[in-house]
Amino acid sequence: MADPWQKAYDFAVEVAREAGEEIRKAGECEMKVQTKSSTVDLVTKTDERVEKIIIRALKGEFGDGAFIGEESVANGQPCVLSDKPTWIIDPVDGTTNFVHGFPFVAVSIAFAVNKELEFGVVYSCLEDKMYKARKGKGAFCNDEPIQVSDVEEIKKSIIISEHGTDRRKEVVTKIFSTMQKILCIPVHGLRGSGTAATNMCLVATGAVEAFFEIGIHCWDIAAGAVIVQEAGGVLMDVDGGPFDLMSRRMVSANNKKIADRIIKEIEAFDVTRDDAPVQKKE
Ligand SMILES: O=P([O-])([O-])O[C@@H]1[C@@H](O)[C@H](O)[C@@H](O)[C@H](O)[C@@H]1O
Ligand SMILES: [Mg+2]
């Protein structure tokens, strides 16, 4: 049977590489910083311009299909994953890093059909690392196969968690209480790159054992989810339930033993699902 998605996968890799080049070239003029959900949830002209370049390229090559893009959603487009072939895009994952020149910024492009993720591409453009994976066909970094760590003992692990952009005291308290409990297991260390997509690729390469976060969006993690799974890792909800792409909470790990141990320490807080009905303005 003809392989329906190989051409789209290969094209997505090239689009991600071109988008990464645009990010690297973006000058001071595009560093004009605006904010979204909070004063620390940043967006720049580069985020918006690069997303338009990606969507234009994909539409030009593949016409139909739905799009969920971080900046399109921020500008009012719906965020609903249907059975239609759907591109899930974060044009600049790690926008705060981009603004500050902190060297982890990724282009994340995923593709889903019938709500199933078919492939994911994450281009860490300042490191020039192209991570990619197709369902059932393995995960790669710069075309070399990658695999999760074989560590099973939590006390021999590095764990990634991020603090996100919600600065409400009750949320920050839960985030840091969780981090403190994990650190004092003790684990070898806590890390965070500032971009969920890159954090998931670090799980997939075995550089760390797990990454979890509450508050991320589907576009941050969709591509990384395929890459972690194809590298032999596991994905689940922060309460141990099944992974739910639109729930804005996720644990990705090298194996279930590490994931289950981390989940014991997570103090969850409420977040609004990505696909929640949009509140009508009065
Ligand atoms: O906004 P963005 O740079 O695309 O995405 C970022 C995520 O990748 C990261 O995991 C999270 O901690 C940040 O708050 C931010 O949401
Ligand atoms: Mg982004």
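Note that Cβ sites are derived from N, Cα and C of the backbone, with glycine treated the same way.
Taking Cβ-Cβ distances under 8 Å and a sequence separation of 6 or more, the neighbours of E70 (Mg(2+) 1 binding site) in its chain are D47, E51, I89, D90, P91, H217, W219, D220. Among the features that TrEMBL reports, Mg(2+) 1 binding site is placed at E70.
Per TrEMBL, the feature Mg(2+) 2 binding site maps to D90, D93, D220.
Under DSSP, D93 (Mg(2+) 2 binding site) is assigned to a strand (E or B) in the three-state scheme. When the binding-site residues D93, D220 are compared by the number of other CB atoms within 10 angstroms of each CB, D220 has the fewest. All protein chains considered, the CB of D90 (Mg(2+) 2 binding site) has 33 other CB atoms within 10 Å.
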